[in-house]
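Reviewing the structure listed below.
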Amino acid sequence: MKFAYKFSNLLGAFYRHGNLCFSKDGNSVISPVGNRISVFDLKNNKSETLPVSTTKNISCLGISPDGNLAILIDEDGAAVLVSLVTRAVLHHHHFHSPVHSVSFSPDGKKFVITKENVALMYHAPGRNREFNAFALDKSYYGPFDETTCIDWTDDSKCFAVGSKDMTTWIFGAERWANLIYYSLGGHKDIIVGCFFEKDSLDMYTVSQEGTLCVWESDTELEGLRNETRGDVIKGRTDTPKQVEGIKNVRYSQRSKHYFNKAGDFNKLTAAAFHKKTHILVTGFASGAFHLHELPEFDLIHSLSISDQRISTIAMNPTGDWIGFGCSGLGQLLVWEWQSESYVFKQQGHFNNMNSLAYSPDGQYLVTGGDDGKVKVWNTNSGLCFVTFTEHSSSVTNVAFTSSGFVVVSASLDGTVRAFDLHRYRNFRTMTSPRPAQFSSLAVDSSGELVCAGSQDSFEIFLWSMQTGRLLEVLSGHEGPVSSLCFSPVQSVLASVSWDKTVRLWDMLDSWETKETLRLTSDGLAVTYRPDGQELAVASLDGEITFWNPQTGGQAGSIAGRHDLQMGRKETEKITAKQSAKGKSFTSLCYSADGESILAGGQSKCVCIYNIKEHVLMKKFEISCNLSLDAMEEFLDRRKMTEFGSLSLVDEGTGDGDGVELSLPGVKRGDMSSRRFKPEIRVSSLCFSPTGRSWAAASTEGLLIYSLDASLVFDPYDLDMDVTPASIRQQVKKKEWASAILLSFRLNEMPLIREVLEAVPYDQITVVCSSLPDVYVDKLLNFVASTLEKSNHLQFYLSWAQCLLTLHGQKLKNRSGAVLPTVQQLLKSIQRHSDDLSKLCDWNIYNIRYAAALSKQRGMKRTAAESLIHTKISPSCSKAHMEHEM
């Protein structure tokens, strides 16, 4: 491999747990997704997952006021300080117990975290390099139960902490003489939110039973007086003493309001307050939210956006957009309350993601899940743009047709459905004569034949896409059909089954079995090489075998069981080493050039093998999230007791022993229990047709790995004379072809770009015609990858046109090697075409609007002039008559 693949994006998951935050400019929302964070650009409609992760799921995050730093804290209290500018981890810290909330002060000098019943204030990391970025300043004690929320005054002098003991505590960030601490009651349930009024000590507190209390302070912020500093403030033991001449701050309850109507109880689960506009947003367990204007408590807006509880609410700095997170379904929504419209609305698969497929040009991805939904994703933006919900049971397999505009899906509900991506509709529904559960799917290269394998009747059903009619039922397998694949170059279908055979069916000659290949164990997956000259099969014994489909002979095998690197589940009685003996690869995929193969299964690792050498090239660990089951090879002996593992005890059950055991065969854990740990697994793999990325459908979501060409030094035919200085010297001499050849021999991307962009436009044809064949492929590959992100659109398109025109016949002769490059070029051109067409349409609409506006104004002006003329004419004629007389 010349390049290294690295994690680039996470699709299929938008929100899991924790709080949302908006960026400083308010155009992006930052959402915790498992143990990672994703940034969703709402203006440009794009998503990006940061290449940083915590040990467990993120429970809360805080963003600094300048928008440069983020503190991520996981379920155990392990914190990571991340730079949002460089996307790098700056510092690690552990708070040794779960943290409920974190908040920076408005001036950015301090931040407060709440854990258990204490609030800890730290000095915020500055621009200077520090040995310990988290320096504890003060500890604040007061609440009797766990803390829930934090809010600061605008000048960072005080902060408030809400608690489960139904009280709100106000503390001074400094040791004020007239305000050390103050406790507010008035509620009958857990405090969900506490908010200061703008530039004031007045407060609003919201509790879970749906009550809002408005508190008025008798002192302004300027009235706080300094006192000697202390390191620990204990609200329950130290009674505030009256300092002579200074009056202590006092609060009085101004009013009390109720969200729920009489006889109706709807638990309030989240709240947010925008100080400038005085807008309070509250979310409820029913999925509804309310907008009220404070302090009058006037209802502005009320809407139900989900059928699950709203877990978190955030407002952008201007107060126009409201972000909602629903952890039950993994929903992330941004609502513009003034226009009453969605700015952003995304939801991933809320159950396992079973399969995925790339479109022929690599621009789109389609996924199917246990929730019965088929989703289509844009690989450039990372967002889902259409969801099909026609299936009534789990979707087991999905595929694109060769045109790229039709998606086909198979489901356990006994149907195979075809969806049109032009009109976004289900235009074909294919069924079997007898009810069958379809577990596998394949579409031939022409897009005319669709076949699906059944897991209960052991048959393969063949339909016509054009008519939707059932053409044939292929019988012969003696076990469930686990995988199907059409040959890319011939009308041959390969099917693999649990009966330890691979059958090759001839689609031209009365659909008969052409060849039967015997396996040593149950077959789980089958795939053809892109050129159709090799067949790879994964079996239950952990082996990958390679076959020649023409002769039916075995070409080689890879024993990959030891590469799976299994983990031990918390409920398993046997070790991970023993458990691995029963594990195997369940998904295979060839790379675009056919030199490598990807393999994944019931583990956290994806392996990439070199087929020629039959060796493991690299092992990708798709997750390090310990909140998932089967992540660690050895269980922690400190958590083992005579009654079992402590991690199986649910502390919040309150009945019996609370031990949670999953039923046999359950993938996600026991859904009847109050909490469960999903098991890490890779259900599907797919290489992009461009060869520059691959995707894995896993428990974490849809993971995209792309080529990292920036940090790789891979010279070609290098000698002592090839240096950057000598290359630039050739450019000065206007020896363009020589400079390009030397830059490719050194193979530094910025230098190649510099040389290429120095070539005059009228010399492109001359340079292309003088290039050797070896460098034509390299230059075309460089142009295809650079065109995607470059602004020099016409310049690079001219290079591509000249290369394809002058060397087209030679490139066609080695089409197998050049195909990924051409598909990458098509993807880049299509992306620019889409962007430019939107821009041109927008300009056309604006020009038409301006023309219509000017025409309307011209008509008004003409009407006004004619009116003035009619008024002037009678007066002139009257004056003329008087003059005559």
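The backbone N, Cα and C atoms fix where each Cβ goes, glycine too.
Per TrEMBL, the feature domain 'Small-subunit processome Utp12' maps to 747-850.
The repeat 'WD' annotation in TrEMBL covers 346-387 (among others). DSSP assignment over the repeat 'WD' (346-387) gives 0 helix, 23 strand, 19 coil.
Taken from TrEMBL, the feature repeat 'WD' covers 388-429 (among others). Counted with DSSP, the repeat 'WD' (388-429) comes out as 0 helix, 24 strand, 18 coil.
Annotation source TrEMBL lists repeat 'WD' at 474-507 (among others). Within the chain carrying the repeat 'WD' (474-507), a Cβ under 8 angstroms from the stretch's Cβ atoms is held by residues 439-445, 449, 451-456, 458-462, 513-528, 530-532, 535, 537, 539, 547, 549, 552, all 6 or more beyond its ends.
Here the repeat 'WD' (525-557) has Cβ contacts under 8 Å with residues 482-490, 492, 494-496, 500, 502, 504, 515, 517, 519, 564, 583-590, 592-594, 597, 599, 601, 609, 611, 614, 816, 819 of the same chain, all six or more residues outside its ends. The annotation repeat 'WD' is assigned in TrEMBL to 525-557 (among others).
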Summary of DSSP states over the domain 'Small-subunit processome Utp12' (747-850), given as helix, strand and coil counts: 91 helix, 0 strand, 13 coil
Whole-number mean of pLDDT values that fall within the repeat 'WD' (474-507): 92
DSSP-derived helix, strand and coil totals, residue by residue, for the repeat 'WD' (525-557): 0 helix, 18 strand, 15 coil
